[in-house]
Amino acid sequence: MAAAVATVQRPEAETVEEASNLQWPLPPEHRPSGAATRPGDSEDAPVRPLCKPRGICSRAYFLVLMVFVHLYLGNVLALLLFVHYSNGDESTDPGPQRREQSPQPVPTLGPLTRLEGIKVGYERKVQVVAGRDHFIRTLSLKPLLFEIPGFLSDEECRLIIHLAQMKGLQRSQILPTEEYEEAMSAMQVSQLDLFQLLDQNHDGRLQLREVLAQTRLGNGRWMTPENIQEMYSAIKADPDGDGVLSLQEFSNMDLRDFHKYMRSHKAESNELVRNSHHTWLHQGEGAHHVMRAIRQRVLRLTRLSPEIVEFSEPLQVVRYGEGGHYHAHVDSGPVYPETICSHTKLVANESVPFETSCRYMTVLFYLNNVTGGGETVFPVADNRTYDEMSLIQDDVDLRDTRRHCDKGNLRVKPQQGTAVFWYNYLPDGQGWVGEVDDYSLHGGCLVTRGTKWIANNWINVDPSRARQALFQQEMARLAREGGMDSQPEWALDRAYSDARVEL
């Protein structure tokens, strides 16, 4: 308190000192004898009367007046600022039209985080749930694949299954759309160009395995040597019946007959590329608190920016019944000049014929223990080299998860609550997305007994850094303006999007 009093009293002392230094002319009778006079002072000059101590010209009155003026001006200034910021950038021109806001600069995105594999079998301790340790184990380096047991509790797994059942599941289909066929026609690829694309060994002849390597699906049907030859016979593409097409035979074939044949033949469930049912569960505002908590765990696990994780696809929940499977595929498609990512196409303002899923990471959760089969297979994990043609040797197609799952390099057995995650792209050397990692080829083995439940969290990143930044900026703007329910509207189960993942 003493210090405070001293602080308050200090200006008064200064005022007294300053007042004592004021130079007012004194009447002659009050001047000390011998006092010096300034030029212009004279006895006859009119004498300026002294102000009364409480008069309007006193220093105290002057200080009070200045304080009042400053307070008044401050209030006026504050009022003007309030009006200005309340109206934003409203135009002062008459009329109801609002000035068009200048576009915000697109932010620059930092590098994408990527966990180091170190070596197969390497374990590290992490905390994705407060107060609880989890262990991440490296399963392979090509692709960069990890396993984290106990990521979900048994109760959380059962809840996710329950929520999916309440919403309702639909059959998972992979079918080319009419738009896909129209786009293919619009590209005007000659049959000679198509033949050269399929002819991998450039011997001028199309063997069955060359056709199978590129033509992985028809009307959702998994193509095998048997049904390829059946199609050849139906459309009379192989007159000599040797199962090999020459350039002349291929040129004589009408591709419209091929599409007509595929549309007219309905595939059985065991002949499909995938035999499962699925649904989507959102994880944003308004979702069940467990769903939001899982997203936060994924955020801590991946160490990616919140914007990337939050604006990625909802959680996909999949049920494989007995006999269910998913032949080997990659989760992301390569982006060519003719393609665009599904999630950024709304903001890209580009006209391209094809779209594809751009999934930087896959986080897969096992929601139950499977009685028989149902492993996740990575056929070429940690191979020294990758060659698409080597996937099909003699009668063995490593992509066929119904027949040859046991021949894959790595199989992960479903265990309730365990998560596995991997990167679908190689790094580009500049902290962003590079080429698709061919070693990320994976599939769901045949469920021989019981039912298999899984869930997928896909993290979407556009290989174009600028498009990804624009997408995040636009989604953030929509969220601020209440234009979406915490997430963009995803159209992720379109037939061609799924089909493109397979190509």
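Just so you know, glycine gets a Cβ as well, placed from its N, Cα and C.
Annotated in Swiss-Prot:
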type	residues	note
BINDING	Asp199, Asn201, Asp203, Arg205, Glu210	Ca(2+) 1 binding site
BINDING	Asp238, Asp240, Asp242, Glu249	Ca(2+) 2 binding site
BINDING	His329, Asp331, Glu375	Fe cation binding site
BINDING	Lys452	2-oxoglutarate binding site
DOMAIN	225-260	domain 'EF-hand 2'
REGION	1-49	region 'Disordered'
REGION	90-110	region 'Disordered'
TOPO_DOM	83-503	topological domain 'Lumenal'
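Mapped onto this structure are the features recorded in Swiss-Prot.
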residue	record	Cβ contacts under 8 Å, 6 or more apart
Asn201	Ca(2+) 1 binding site	Gln207, Glu210, Met389
Arg205	Ca(2+) 1 binding site	Asp199, Val244, Leu245, Ser246, Leu247
Asp238	Ca(2+) 2 binding site	Gln229, Tyr232, Val244, Leu245, Glu249
Asp240	Ca(2+) 2 binding site	none
Asp242	Ca(2+) 2 binding site	none
Glu375	Fe cation binding site	Cys405, Arg411, Val412, Lys413, Pro414, Gly444, Cys445
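Each residue in Tyr232, Ala237, Pro239, Gly241, Gly243, Val244, Leu245, Ser246 lies on the same chain as Asp238, Asp240, Asp242, Glu249 and has a C-beta within 8 Å of the C-beta centroid of that Ca(2+) 2 site, without being one of the site residues. Just so you know, of the binding-site residues His329, Lys452, the Cβ with the fewest other Cβ atoms around it within 10 Å is the one at His329.
Rounded to a whole number, the distance between the Cα atoms of Lys452 (2-oxoglutarate binding site) and Asp331 (Fe cation binding site) is 19 Å. Residue counts for the domain 'EF-hand 2' (225-260) by DSSP state, with H, G and I taken as helix and E and B as strand, are 22 helix, 2 strand, 12 coil. Taking the mean position of the Cβ atoms of Asp199, Asn201, Asp203, Arg205, Glu210 as the Ca(2+) 1 site, the remaining same-chain residues with a Cβ inside 8 Å of that point are Leu198, Gln200, His202, Gly204, Leu206, Gln207. Annotation note: Arg205 (Ca(2+) 1 binding site) sits in a strand segment as assigned by DSSP. Secondary structure at the residue listed as '2-oxoglutarate binding site', as computed by DSSP, is strand.
Sorted by the number of other CB atoms within 10 A, the binding-site residues Asp199, Asp203, Glu210, Glu249 start with Asp203, the lowest. Rounded to the nearest whole angstrom, the C-alpha distance between Asp203 (Ca(2+) 1 binding site) and His329 (Fe cation binding site) is 27.
Straight-line distance linking the Cα atoms of His329 (Fe cation binding site) and Lys452 (2-oxoglutarate binding site), rounded to a whole number, equals 19 Å. Model confidence over the topological domain 'Lumenal' (83-503) is summarised by a mean pLDDT of 86.
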